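Below you'll find the structure, written out as structure tokens, and then a few comments.
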């Protein structure tokens, strides 16, 4: 017994010792990792044509990895697409691309852990709403791109107007390459034509959400007219505001305020107005009693089943061609009512970007790749639509039809580069030349006065988290008329205050004032 | 004994080494400086838990609801195991055994749908109430019912799973005891009370002790999916895990999530050591350690 | 079910009644899920769940089975992982639990606490990931699918409790006859512990079957994607498509909710069949193992 005890004891002790020793090795390894950030030093400081730089930088063949969210099962044939893309890439920049799509449900988590774990890869999709752009920038997961873009991606740099690039800048650095698509969003509503006809809706007279009320009185279907839901935070411009930082977070600025004063949007008259009206609508039965439970998914399912709503709000983003899309989707005609002027706001401008990871071994080549994705029509179309014949059939120069259940159908061309290089999928869109229309809209649209200001959440991150929790607690209830605003609205505002609303507003104001001065 | 070696090595490799990473809870983790070189920030990452106005509410909810689950769940599981043990008809026992684990196999997402179908305003429960002339209740707008709703749902899902453990124990009890008891004239209830339950007590105590160690953790799937994250129900259903989840959905800070886990672990440790101490005083052999 | 508490006829009726009722309560949601998976999507949206499909449709399954090859690969890897993992886990767990149940083991108390501590404290996702990924280099391996979840302190304690019920006298007398530790373990302890081994085995295999998080973190290789991960992701992709305004045309006719139900069926069906089969085994094995003299 004594002998066995001894052996066992030493075995355990050794195991522990090993572990500690390994951990010790850990710290030295990590210390080294910390000291070698990938920095890019351009060889000449003067501006040179890309060709010359390329010659220097593309001596050896490299493989770039690109992570982005998507339906992996719908991209089983990515190998074919990669092969075709690589033909072009090999010739132009002596590189190959490896596409790494990650399922939507796993993307955020996976990129989070890969960045936190310091894994090496080159490109990743990032936006405020997916793989949080701000957080990645703050935590050092993304490389600053200013020089890289100027040197290796001049086409990309020039196709997106300078004022839009401003929207990406955090402390003067660009951390994401913008995927050029619609950025100037007008807001409005979409009504199924059959309702317009049935209820004699005078579309031209609909200006505010209250104008829908008389039609609700007339409503005759066997389901309530308005599904309800969060119509407030997803469309600040419609209410005359621009958001600062996240759309939900307390502190918006009125668009027509030259002083750029930050106010609590939930304490505004607009909000109170909406909440009270919706409450009365629910009492009258225009909004279903279980509206708070209606997820976007459920609404989509109801639409599929032929039930459409008469929206009591004009907060739907309406890009050119959206009515064509909904028509193709549901087989119903829709009427678009646009209420606001198109406006470029920060969140819209950076809604889709591709970033270069700090751990990338070939940032120059990655930047060149991004340049091609924004300028090479053939390359872009390969990525967005696949290979002709295998994944789609070409109908005319710019019009295609997707082959049903094909093995490559990412369906997210807005993620991959310059969307305006892509194909059209409906004849109406091709005829109307929607891309050109959209691009024109972008270039001519007004910019929000806050465009170019990026809020640094770090000093108030704890308060922001708590405020978001309070928001979650009350928003659905108030915005679907489920909660009685008479007592719940003051309660909501009170809780916001106790969670630090004033502190956040003050911090936002401080940062905005500083930014204004520096302009 | 060398036997324990594989298990222990495994634990060292997969549990203890990563534990060093708990330091993240006290640091402001920046990816470029890595784990060891990021700056220390003391307890700042714990702010959002303690300084929040909801801190008391989530703590109370977590403890209270878990207590309900442990209490009623244990009674129900033991009862059910005893019941299963009584079945004479083979077909019946096979039937119930086949169905018993089905709830555990269904994911909370799906269970959430069912509860929704039952409790929605035009759903089954309200329809039944209508037959009895009772006015429909807006379940998802009434936080007061939810401790009960959650407990029932949790028990439904775990009953089969937990009973299996108790049943295995009961099966291990030698039939001699029962035969002797019958000879002495004991009725069923007495047999259960004086033979089955006492012999089951080791496993009952262990399971309860382990549950106490986890009392600060909530089954996230249950709380998130069944309540459908309805803000209106937060006052009685918001627990530490759902609160932290919402926090981190916006902020997503690794340090903060680590801090939350750390907090739950420490409290669990204190509770389990205390509970074990109490058990030790009563009967040393039954204690966990 | 042989442990005999002898009783009267009335109790048999009550017992049977309650049992049937419980079984139905357990079964009902599953029936609704299966029924929903064979229902037409729009009918499900408008009419909700019912015992029989309101309008029969195989669309959900057709939609999912487009990925038949991947499904096959995932089923395969998950079955292998579950089998191998459960056996390995039972082995390691019982090896650890047994010495902890013997009073004569001097380090017992300390090791128990050592194990318990890991149940309470967890290093967190990021450190674990860095450790496994960079240092142990277990990314994309078959091994990692088995190793996460190999040893659960919870099950160690339950097994320990079961082992404790084996009287010391049996072990002592075996020692007297000159048997060594391992021999005693293999020939005496294990056979006597069939109920607990079967129980823990069943619960462990369930865990392996349902695990999807490991795949999310560490697996990129197509033929190692676990079944549950595939199904969870299929669902999240359907949801993302339904909400993505750009793919609205394709998303429109997608069987979203019915697909979710079909995915659930695909996930539960195999393991249910296995359990049904396994069950007969269980009963037989338990009657044999219960003899202790």
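Quick reminder: no glycine exception, Cβ is built from N, Cα and C everywhere.
According to TrEMBL, the feature domain 'ABC transmembrane type-1' maps to C:75-278.
The annotation transmembrane segment is assigned in TrEMBL to C:12-38 (among others).
Long-range neighbours of the transmembrane segment (C:77-99) within the same chain, counting only residues 6 or more positions beyond its ends whose Cβ lies under 8 Å from a Cβ of the stretch, are 105, 108, 111, 115, 142, 145-146, 149-152, 155-157, 159-160, 163, 185, 189-190, 193, 197, 200-201, 204-205, 208-209, 223-228, 270. Taken from TrEMBL, the feature transmembrane segment applies to C:77-99 (among others).
Taken from TrEMBL, the feature transmembrane segment covers C:111-132 (among others).
If you look up TrEMBL, you'll see C:144-163 (among others) marked as transmembrane segment.
Look at TrEMBL and you will find C:184-206 (among others) tagged as transmembrane segment.
TrEMBL lists C:226-243 (among others) with the feature transmembrane segment.
Positions annotated as transmembrane segment by TrEMBL: C:263-283 (among others).
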Selected stretch (most C-beta pairs under 8 A with the transmembrane segment (C:144-163)) from C:12-38, C:111-132, C:184-206, C:226-243:
C:184-206
Quickly jot the same-chain residues contacting the transmembrane segment (C:12-38) by Cβ under 8 Å, restricted to those at least six beyond its ends, or write none.
44, 49-53, 56-58, 60-61, 257-258, 261-262, 264-265, 268
Hey, which bits of the same chain come close to the transmembrane segment (C:226-243), Cβ under 8 Å, at least six residues off its ends?
64, 67, 70-71, 74-75, 77-78, 81, 145, 209-212, 214-216, 219, 250-251, 254, 256, 259-260, 263-264, 266-267
